[in-house]
Amino acid sequence: MGRKLSSLALFGTILAGLFGYLYYVPNSEGVEQMDRIRLLSAAMKLIGFVGKVSETFGFPPAWYIQRNSGLILKKLKPAEIITDIEIRDTTIEGVPVRIYSPINFKNEKTKFLPAVIFYHGGAFYMGSVDTHHPITRDLARQTGFIIISVEYRLAPEHHFPAGLDDCMKVTKYFLNTNNAKKFHIDAQRIAISGDSAGGNLAAVIAMRFASESISEIRPRLQVLIYPVVQFFDLMVPSYLTPALHIFHFGRGGQVLELYTGKSISDDILANNHTSLEQRKTYRKYVDWSFIPKKYRQVYKEPISDEMEGNAELIKNAKLVLHRDISPLLVDDSDLAKLPPTYVLTVDHDRLRDEGFIYAGRLKANGVKVVHHHFDNTFHGSLTFLDGLFELNIAHTMLNDIAKYLKENL
């Protein structure tokens, strides 16, 4: 009897500990709908754990489990019946895309609509047109525009610049008037957009079209949703501030290691991936003065740039400072060429501060910028527009983006 009671007590203790671990979400003060967020956080923790166990025992790697978990969660949602928009999966220049169009406008042969080309987020190795379907679907509904969601190739099967090249092909195709007309699109009224890693792709593509003779027509707007725009300074306050993080996947350098195919150690989080010469070159681009004082006051000043980094890491990470991966690391004269820009940032996000810096530098160089910052929500929250984890803040942010597009495109 005593042994059974001891076993039950041990089991109860383990169960209570597991429940506490899954239930606990630190740094969540002021965040609404924590009942749903706790469920979401617990799901993400379990996915992370399964990924680590799988990788440890020689089964599919953690990144593979993480990627496919999003599709599994998507399939758990009830089937939707859509009658107000037409959704078509096709290919453009060999790249899979999903196109959302209003149902009735094609009856008017002379009518051409604005369009938004959307690049999904997911740290360059996750995400798909399916995981981001709620965003693109609702953008189509709220704007009445044509939305093109790009299924670009993902790392690590396809390293940089494969995904970027796919997005460029699709964008260049639709910015050709003859091609755009086939889809009833006005090539002069095309915006490019993306969230997180997709925001990075959008910013890079906007810079390419602004700086190079790619086509006569350029994107009219760029809409960046908590974008990653630099990998030079990973010790800005938002990287060091305790925050509510739902997605805990991977170690510090994993995303860049998967994306570039180079060995990137966690030393990158201490800025040990840059040499003294590189710090002299790039520091001016990551200007902390554009970060609001309330965020900067915790830290006296940026990490010292007077110390040489790790030689091997410097060599392996050289590519991450390229403007096609870190679009913030360009001269003011280049930024000044960019189209009108919408930037959305959120409080609980490592990418928060670079969003402020990017928006601030664009404004300082004469670009028309609308920057909306949302407190008390986390990176990735826009994705949760329906289903078990539906969040009110996601609808608020989506409404704001749609309003900007309708007023400016």
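Backbone N, Cα and C atoms are what each Cβ position is placed from, and that goes for glycine too.
Positions annotated as domain 'Alpha/beta hydrolase fold-3' by TrEMBL: 116-239 (among others).
Under the heading active site, TrEMBL lists Ser196 (among others). The number of other CB atoms found within 10 A of the CB of Ser196 (active site), across every protein chain shown, is 27.
Residues or ranges marked as domain 'Alpha/beta hydrolase fold-3' in TrEMBL: 316-381 (among others). Model confidence over the domain 'Alpha/beta hydrolase fold-3' (316-381) stands at 97, taken as the mean pLDDT rounded to a whole number.
Taken from TrEMBL, the feature active site covers Asp349 (among others).
Residues or ranges marked as active site by TrEMBL: His379 (among others). The local packing around His379 (active site), expressed as other Cβ atoms within 10 Å of its Cβ over all shown chains, amounts to 26.
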For the domain 'Alpha/beta hydrolase fold-3' (116-239), residues assigned helix / strand / coil by DSSP: 48 helix, 25 strand, 51 coil
